[in-house]
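Copied from TrEMBL, the annotated features are:
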- B:139-429: domain 'NADH:quinone oxidoreductase/Mrp antiporter transmembrane' (DOMAIN)
- B:6-24: transmembrane segment (TRANSMEM)
- B:36-55: transmembrane segment (TRANSMEM)
- B:86-106: transmembrane segment (TRANSMEM)
- B:143-163: transmembrane segment (TRANSMEM)
- B:175-195: transmembrane segment (TRANSMEM)
- B:221-243: transmembrane segment (TRANSMEM)
- B:255-278: transmembrane segment (TRANSMEM)
- B:284-306: transmembrane segment (TRANSMEM)
- B:313-332: transmembrane segment (TRANSMEM)
- B:375-397: transmembrane segment (TRANSMEM)
- B:417-439: transmembrane segment (TRANSMEM)
- B:463-483: transmembrane segment (TRANSMEM)
Amino acid sequence: MSFTAPEIAWGALSPVVIVLVAGIVGVLVEAFVPDRARRAAQLVLAFGAPVGAIVAVAALWDGVSSSGGTDVLDGSLLVDGPTLVIQGVIAVLTLLALLVVADRTATGEDAFAPTAASIPGSDYEELARRKGLTQTEVYPLLLLATGGMMILPATGDLLTLFVALEVLSLPLYLLTGMARRRRLLSQEAALKYFLLGAFASALLIFGVALVYGYSGTLRYSEIAAATGTPSALDPLLLVGAVLLLVGLLFKVGAVPFHSWTPDAYQGAPTPITGFMAACTKVAAFGALLRVYYTIFPGLQWDLDVFLWTVAIATMVVGTVVALVQTDIKRLLAYSSIAHAGFILTGVVALDEAGISAVLFYLLVYGVATVGAFGVVWLVRERTVPQASTDVAADELAEAGDEDLRTSVLGEATHLSQWAGLGRTHPALAGAFALFLLSFAGIPLTAGFIGKFAVFSAAVDGGAWPLALVGVLSSAAAAFFYVRIIVLMYFTPAPGRDDAAVEPSDEDAAPVVESRASDENAAPGEDVALAGADGSSAVATLVAAPTATTTTTVVPSEGLAAVAIAVAAVLTVVLGVFPTPVLDLISDVARFLP
Amino acid sequence: MSPDFPWLTTLIAWPVLGALVLWFAPRALRPRARVVALGVALVELVLLGLALTAFDTADAGTVQLTETHRWIPAIGASYAVGVDGVGLALIAMSVLLVPLVVLAAWREQGSGTTTSDALRHYLALALVLEAFIVAVFAARDVFLFYVLFEAMLIPVYFMIGGYGGAERRYAAVKFLLYSLAGGLIMLVGVIALYLQGPRGEDGFLTEKLTGLDLPTGTERWLFVAFFIAFAIKAPMFPVHTWLPDAAEQAPAGTSTLLVGVLDKVGTFGMLTLCLPLFPQASRWAAPVVIVLAVVSILYGALLAIGQKDLMRLIAYTSVSHFGFIVLGIFAFTSTSVAGSSFYMVNHGLSTGALFLIAGFLVARRGSQQIDAFGGLQKVVPVLAGLFLVAGLSALSLPGLSTFVSEFMVIVGTFARHPAAAVVATLGVVLAAIYVLWTYQRIFTGPPREEVAGFRDVTATERWAVAPLVAAMLVLGFVPGPALDLVRPPASVTLDVVGVQDVPAAALEGSDQ
């Protein structure tokens, strides 16, 4: 018996290899590079890897677009158009997300616990905090997750699919539990995410087993060939296919497999939330597209019932539950669930237009998501001495380091705390409003083009009822996006004298009267949000507030601001001139069989 | 002027440029924001004048000043603009209104000498809105039209929600959600229409989608999807409820643009999209639409009579007037359709004047309640006179331009649907009640204590209203040139819809 070593086309693998190698080197850096140089070394690796992956994708592009793609590692990985698009999108989004992850406040605090192993609230933790320790393992973990994400949509057999899913998931479970503040919440979220994720993985591997039992092979193309012939084992295939899809639908956060999403999104460190909300969804949808388009086209009639139900439930539940959220991260989590539903309508279209529509949607959704969570990370609570409740935001910049360290707290995630942000921080609020409008699908933002593309693919594929449900839930979803804009722009910040913000602005008497009554009587839904838990979690534990807090934007090293600016520009440019990107994607949007 | 110059693109780009200057102006320029905004709006007016000279009036039925560029070939969308007589008349009306709104905002949003940041943003939003308005009236691509139709909600939303009265947030959200809901239903229609058409890289061009041989059922569904969006926008009974709230809460200048111009996009869409794209479905739906239009006329007028709030009252009069416009469009006679087109322009002038003057009154009194006024005639005679002229235009007094258009609509409708025309005429009678009774309550009788010492109309206010009154008088006595713009497109529309025109005999003499 002789062993033939498989021929490996390293060139076609290069985007994945670059990222994974950088991740592994990052682990070594943790072990061998001295403390003070570690962060710099990790940053070079972390930023270099996605850039290298983008270059590699660009280098592979022409070959793949002319040849249609190649299979690598004896068919375990398929490097075709959709693979490259998704790897490129993931690399770009990772780069953006990394900017937020790597950003630190002016006092050098990042979003992660000084030592994640310490017990929340312990002396050891306090010591680590005072020593200024940082957990630079974040970067290799993130790169390894990215590597998994880049493999997932490229897989050509079910076992590789499973391995890739685990490679992307395990680092994310860890990262979820590493928040600097509200650590119990973070750890609880990580545990939930891990348990439910393990459950989903089990379902997936069970599905793999059933499909293998039916077809006797793990290779996509061979399974597809086997599904062509009717046999007595059809129920086995159908159950296996559904379980397989469930495993992937879990990762995209589709209803009814979504219950981890709000908790994980809320508990994870916000920069990580942005990363996993954007990139995981891209990777999992990429895999879902490939599985649905290349393995099971023969089962379309049977699976349609299942996927239509899931898509409709996802859109409706995501939208309706988001309507009643009061925490910005949970709200964005439910909104991401609703978006998973919109993208699913493009997946079930089952044609080429559907593929490119979904890929474009993933890009614009990811960009806006990273940007939005970047904003959330910057908007902080700040303690205010009881004496003066109306500290101007500018004073923050002049305050000393020690003052900042003690007074600036965690993210101001309660919606009521966002009131008046549009007046105090117009640029940041403007960018956030732009992301929200893009989520809502308002024309001239990228989100509209994405929605238009998936709905039109769905209608073309005969799934017009899905498009109709999508449109109706978009209309409902607009309500909660708009509610945040109302809060930021039209609602005065609590405790802040509105007249002082707009001085000498109203000699027209009715306006003055109304503003005043507005503030005192406070009718309407916005103010109802300002519940007792408006200020929360001061210390590392979920603890009661010790002082009045106000909302501020923390001064940082500026990396997050760069990410937000880039995301905002992309959102506008892709909304007004999407042609180059759409053409690029639709040129290669064909799966290898 | 050369018709080859991209006049429409210039008209669209210039206000955007002005808004950007206002937003990103160096600090030194900021206190001069009003002057800058007014200058931008006036230059736009000059540009419009030049564009008018490039437009061949003798051929007003064909689309002119066209520009077509590929925009998003992947989904079939083009940047295609061009206007026929109706589009040009509406653009002209809008461009005339914007500088007046800017003038009115000087007092409405500012304290007199300094320009606050809030006012600067308001003016910039108004200019952005102007660009959207010009573009939407000029769009010849269904996708482009839809994009603008939805995108222009955003500036209006901020203009209501950021600058209005006590319940402004509620009003702004209600406005946005009504419009978005309508728009998204239309989106499904837009997508389905494209897929029924020839597709391809410029498959959204209106001319490519006109004259398709659609299956009857599909055509009707598509018509309904488009019509709902336009009916909400117009607004027609029973989807009009957002308008009174918005008008009550918005600053008067915003209401002027909202009701005077923006809502015309609804009726304009019915005229230039619903009818040509879905001719058979339009004929099928006409009876229902006509009934709704007549109900709008009477219902709007009756509710207007019952209003206590001045701004709400004007909003309800508009619901009534939009009923007339829709009635004329769906009566399918050349006289009624031309009359509706002309009505759209006149209603902009008349309602604009009413909102602006009412805004002046409210700014003085500090209340929108009609009961809060009384006997103003003796205190502010000029303002009283202006209000009366604007009010009389709302009840279509002969000699004012609104009379011509309302008469054309009723006469044209009578030729085909006598009953509807007769019932609609009641709306004119009710108009006399709500206008004259309001005038009586606000201006006649002994002056109330609170109104003593009010200043009569200021120079700024005079300049803001005078052009509107002048335009109404000129168009009232010499409607010929304006009618030359709207008549040919009306005949073209009827040809496309495929109905035989019913001549309205008595009309020709009445224009003069």
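Placement of Cβ uses the backbone N, Cα and C atoms for every residue, glycine included.
All annotation found in TrEMBL is predicted automatically rather than curated by experts.
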Result, the transmembrane segment (B:36-55) in contact with the transmembrane segment (B:313-332) (3+ CB pairs under 8 Å): no
Long-range Cβ contacts under 8 Å made by the transmembrane segment (B:36-55), restricted to residues 6 or more beyond its ends, are 1-3, 5, 7-8, 10-11, 14-15, 17-18, 21-22, 25, 29, 64-65, 83, 88, 91-92, 95-96, 98-99, 102-103, 123-124, 126-127, 130
If you count every Cβ pair below 8 Å, which range out of B:86-106, B:143-163, B:175-195, B:417-439 shares the most with the transmembrane segment (B:284-306)? B:417-439
Under 8 Å Cβ-Cβ from the transmembrane segment (B:143-163), and at least six residues away from its ends along the same chain, one finds 71-72, 75-81, 109, 118, 121-122, 125-126, 128-129, 132-133, 135-136, 169, 171-173, 175-176, 179-180, 183, 186-187, 190, 194, 204, 206, 229, 233, 246, 249-251, 254, 257-258, 262, 265, 269, 273
Same chain, outside the transmembrane segment (B:221-243) by at least 6, Cβ under 8 Å from its Cβ: which residues? 149, 171, 174-175, 178-179, 181-183, 185-186, 188-189, 192-193, 196, 214, 259, 262-263, 265-267, 269-270, 273-274, 277-278, 281-282, 284-285, 289, 292-293, 295-296, 299-300, 315, 318-319, 322-323, 325-326
Do any residues of this chain, six or more beyond the ends of the transmembrane segment (B:86-106), have a C-beta under 8 angstroms from a C-beta of it, and if so which? 11, 15, 34, 37-38, 41-42, 44-45, 48, 51-52, 55, 60, 119, 122-123, 126-127, 130, 133-134, 137-138, 251-254, 256-257, 260-261, 264, 268, 271-272, 341-342, 344-345, 348-349, 352, 356, 359-360, 460-461, 463-465, 467-468, 471, 482, 485-486, 489
